[in-house]
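Asks: Sharing a structure with you now.
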Amino acid sequence: MDFSSFLTSLGTSFVIFVILMLLFTWLSRKPGNAVVYYPNRILKGLDPWDGRSRTRNPFAWIQEALSSTEQDVINMSGVDSAVYFVFLGTVLGILVLSGIVLLPVLLPVAATDKSVKISNNTSTGDVNDLDKLSMGNVVKKSPRLWAFLIATYWLSFVAYYLLWRAYTHVSLLRATALMSPNVKPEQFAVLVRDIPPVTEGQSRKEQVDSYFKSIYPETYYRSMIATDNREVNKIYGELEGYKKKLAHAEAVYAESKQMGKPEGSKPTTKTGFLGLIGKKVDSIEYYNEKINELIPKLEAEQKFTLREKQRAAALVFFTNRVTAASAAQSLHAQMVDTWTVDDASEPNQLIWANLKIKFFERQIRQYVVYFIVALTIFFYMIPIAFISALTTLDNLKNLLPFIKPVVNIGPIRTILEAYLPQIALIVFLALLPKLLLFLSKQEGIPSESHAVRAASGKYFYFIILNVFIGVMVGGTLFTTFKKIEKDPNSIVPLLANSIPGNATFFLTFVALKFFVGYGLELSRMVPLIIYHLKRKYLCKTEAELKEAWSPGDLGYATRIPGDMLIITIVLCYSVISPLIIPFGVVYFGLGWLILRNQALKVYVPSFESYGRMWPHIHTRILAALLLYQVTMLGYFGVKEFVYTPFLIPLPILSLLFGYVCHKKFYRSFSNTALEVACQELKEIPNMEHVFRSFVPPSLSSEKTEDDQFEDALSQVSRMGSLA
């Protein structure tokens with residue numbers, strides 16, 4: 001990519017961002033759009049335009065985001081959102097403090113070295129003006145390389161300092177949240193798996209109750225045996241679906257009375273596949289019939305599930321938080337594959353289907369999933385490397401000669417060079433997250449938040465290996481294949497010399513992500529259009545309208561790895577091509593502002609893990625830092641700098657820093673400290689309410705007595721004793 005294409009990309013992206021920001025200012029003031037731009041506030045019963053949200057000033061939202069406190073974020077979106085902003089602020093601080101030194105020192109050092117001319121460029125083959133500001137412009141063995149070596153150390157130590165401060169701060173945030181005097185059901189429960197087989201004449205519930213009563217006689221409350229809920233969930237889903245369809249049909253019928261004849265026109269539906277084929281019937285009567293059929297079927301299946309589909313797992317409840325916290329981190333059985341006890345997650349997070357999976361099966365599943373992910377990474381690297389190489393215009397013209405007349409037109413060529421490779425890469429990556437989340441759940445993970453953390457980790461390593469390394473290596477191999485074929489030993493210097501040239505691609509990639517990506521995030525054009533289309537043509541009931549504007553959460557499974565890719569790119573190029581640092585600062589600065597606005601007004605968290613994702617974020621920032629240090633070590637070696645071994649201590653320091661942080665902080669994230677759990681509550685917990693909060697919706701019934709679990713589960717015992 002030449003300099004004019006780079007400027008075109010940057011300028012166009014900026015113009016798009018400004019347009020989207022102005023659209024946001026205009027659209028967010030309209031009352032009909034409030035549910036799209038302020039759903040979080042509406043769901044909490046707050047005025048959407050409280051304060052200065054309806055002002056004509058297009059920058060008012062920035063002032064509101066800057067003036068908000070961390071406690072405001074916690075109140076509106078939870079501790080996990082606050083921890084995410086600690087991550088953004090920490091990375092922003094690393095880049096700002098590093099840039100203050102690196103930019104004024106390294107840019108003049110690189111630009112004033114006239115002893116070398118860059119001839120290798122991955123995009124056009126021309127001398128790139130941006131490459132003159134990089135470390136690639138410094139001659140081998142030059143004393144000027146000392147400046148770059150010292151800069152490598154400076155950035156590393158800035159990162160160590162800010163990461164330590166962030167870990168300490170997040171630990172305090174987590175402890176403060178867990179010490180809250182408010183009653184949280186998950187703090188009074190533990191998850192028990194790998195329960196041994198039941199002895200003859202004893203029910204599963206009696207087995208669990210007797211085991212934990214003997215260990216915790218004073219504080220044990222009761223247990224809830226896990227069941228296989230697949231069939232009851234299916235019936236419950238059908239019933240709820242028909243209830244929604246009935247409400248929709250009744251709303252259509254009521255509307256027809258107002259719009260046409262007083263008697264109205266009853267809606268009809270077809271009884272076949274998806275309502276498209278089959279006999280045409282009255283919708284209201286048909287749905288009522290289906291509901292009346294399913295209700296007794298659901299009640300029968302609920303009883304059958306509770307009695308006959310018990311599994312070797314349970315939720316165990318205690319009357320105080322300290323006992324639950326202590327039980328979750330204690331070894332209960334001599335053998336580690338029996339009576340495994342862990343913290344309980346929030347009731348709505350539990351993945352019931354995974355609770356029955358045994359200890360060693362979970363281990364095997366984990367390794368199988370890792371193997372599948374490794375294969376996915378490998379096979380994805382091939383098409384991504386191919387796309388990164390193929391979507392350069394020179395390669396496209398060679399492969400598709402008939403497009404030459406089109407791409408040779410100046411404006412078209414400039415736009416295609418500016419956007420084609422980056423858009424192709426972003427679209428290709430959008431296909432992956434759901435697969436990784438599915439694979440994570442197959443490991444036997446018991447909660448949604450844990451599955452999200454696991455999927456986030458897989459996605460991080462995927463995009464680092466495929467996008468960062470794949471694009472850098474793949475593009476170079478594709479353009480220099482003939483040289484490597486003639487001289488295989490030249491592959492290392494060719495790859496090393498291509499690093500500064502690839503900086504232009506990544507500069508454009510980062511710019512596209514923060515200007516266009518965050519512009520779309522702020523303006524919410526796609527959700528706005530979808531909402532108004534659904535409202536006009538599909539929604540007839542309040543429940544359907546609410547579902548249409550439901551905002552979802554921040555999407556940590558993909559958002560955090562995407563941010564990690566940017567920090568990895570920026571760190572690895574920060575010394576080689578310091579001009580990338582301002583782009584990183586803008587990305588994380590804009591992200592902090594825009595996503596803070598979204599957290600306060602838009603997104604609604606789907607779970608709360610009290611910052612348990614932070615150790616994973618910290619580890620991956622360190623992984624990016626380690627990759628940066630290894631990259632610099634290799635690049636200094638290619639530059640034949642005699643003092644390159646001075647960089648060897650840096651990766652060792654990073655590993656040591658990570659080890660110390662893990663030992664000092666991690667345990668308080670994997671378990672709740674007892675000094676945290678022992679804080680007094682403002683009210684005596686209603687243990688029956690705590691227990692009922694964990695009952696799956698498909699097993700709840702208005703007609704069922706309060707002691708449904710006791711009756712259903714103890715009946716097995718009575719039947720055994722009669723035998």
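Just so you know, the numbers here start at 1 and follow the chain as drawn.
Glycine is no exception: its Cβ is also placed from the backbone N, Cα and C atoms.
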Asks: Would you mind telling me which of 499-520, 609-630 TrEMBL tags as transmembrane segment?
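Replies: From TrEMBL, the annotated transmembrane segment range turns out to be 499-520.
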Asks: Look up transmembrane segment in TrEMBL and report which of 312-332, 459-479 it refers to.
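Replies: So the range that TrEMBL calls transmembrane segment is 459-479.
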Asks: So, do the transmembrane segment (641-661) and the transmembrane segment (145-164) meet, by the test of 3 or more Cβ pairs under 8 Å (sequence gap 6 or more)?
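Replies: Answer yes: the transmembrane segment (641-661) meets the transmembrane segment (145-164) with 3 or more Cβ pairs below 8 Å.
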Asks: Report, as numbers and ranges, every residue of the chain located at least six residues beyond the transmembrane segment (145-164) whose Cβ falls under 8 Å of a Cβ in that stretch; write 'none' if there are none.
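Replies: Contacts with the transmembrane segment (145-164): 90, 93-94, 97-98, 101-102, 105-106, 109, 135, 138, 571, 574-576, 618, 621-622, 625, 628-629, 632, 636, 639, 641, 643, 646-647, 650, 653-654, 657, 661.
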